[in-house]
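*Asks:* If you scroll down you'll find the structure; I have some questions about it.
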């Protein structure tokens, strides 16, 4: 049953980072990666990543949903006996323009930066034993001004096997669970509640249109999902239909939607986030202050498609939930069909293109 305790509760969906996801490479990817990621064990489940620019060009790397992000985002994939361990952290939607300088790292050719993180905080490793860590994918880069996403570079790591002490790892994961459970609830009253309800109603309408567009097929399916066959059109339409049904129901379902951040995760670059393991979505302050309800500019961000983006992450909406494999139009259109079907921003951009008439 959906919780409605001083918050706006919205419908649930069935679904399952850019960083940390082991995915098939994009259709035009090269075997070599511009960024080399060297993973080593520091102590227990604490891992060090050294990220090196292997290319011949200066890069401005976005750290959100990547190494150096201080939020509990996915940085590596973890495998136990060949099966990926479920991710228990957060997935965020960040801005694609007007980014602050503190989330950008400049790397000249040959230069590196480091990041240390505890993989047991965001994955339940209480079973202990050997696990394998690895990561590859695409990370956004910004223009020379460092404020707007302008491209992507590929990154790839080594495989690192570590032996996990299950008892110690369980304590780290419990800290994340406690973080979720003790947070103070925020209300959905006043103008923020009104703005959120309007966005959710419009999200339902737009998702219905997007489902119809997907069923019909055509150039837009090829543009965003690189396929136009019956099976792909059905998968896309079914996810949009699930989002439409759930976002139109403000009093039932299993996903809880917060108008205000209950966990102090938001920053001036994050629009909203989802904790898939909790089927919980929260807007951030800039959802209201920096974005309109609908953006008519092609590939733009707005409240409606931000909520849609987050809904596709929720594991109770449409199974499996989407991940954050790529952000922004330029990156999303590079993805293979398999990756696009598993990428939240691809669905958001597909739907937004309908509103914008792209």
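All residue numbers here begin at 1 and follow the chain in the order shown.
A Cβ is built for glycine as well, from the same backbone N, Cα and C atoms used for every other residue.
For 310, the entry in Swiss-Prot reads active site, with the evidence type sequence analysis. Per Swiss-Prot, the feature Zn(2+) binding site maps to 309, 313, 324; the stated evidence is sequence analysis. Feature annotation from Swiss-Prot assigns disulfide bond to 188-259, 266-284; the stated evidence is similarity to another entry. Annotation comment: Swiss-Prot describes 249 as N-linked glycosylation site. Per Swiss-Prot, the feature signal peptide maps to 1-19.
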*Asks:* Which one of these recorded positions has the most other Cβ atoms within 10 Å of its own Cβ: 310, 324?
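*Replies:* Answer returned by the neighbour count: 310.
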*Asks:* Going by Cα-Cα distance, pick out whichever of the recorded positions 309, 310, 313, 324 is nearest to residue 266 (disulfide bond).
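*Replies:* So, of the listed recorded positions, the one sitting closest to residue 266 (disulfide bond) is 310.
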*Asks:* I'd like the number of other C-beta atoms within 10 A of the C-beta of residue 266 (disulfide bond), please.
*Replies:* 21
*Asks:* Around the Zn(2+) site formed by 309, 313, 324, which additional residues qualify by having Cβ within 8 Å of the site's Cβ center?
*Replies:* 91, 92, 93, 274, 310, 312, 322, 323, 343, 344, 345, 348
*Asks:* Per DSSP, to which secondary structure element type does residue 266 (disulfide bond) belong, with helix, strand and coil as the options?
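*Replies:* DSSP call for residue 266 (disulfide bond): coil, neither helix nor strand.
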*Asks:* Within 10 Å of each Cβ, count the other Cβ atoms, then let me know which of the binding-site residues 309, 313 comes out lowest.
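*Replies:* Least crowded of the binding-site residues 309, 313, by Cβ count within 10 Å, is 313.
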*Asks:* How would DSSP class residue 284 (disulfide bond) in three states?
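*Replies:* SS state of residue 284 (disulfide bond) = coil.
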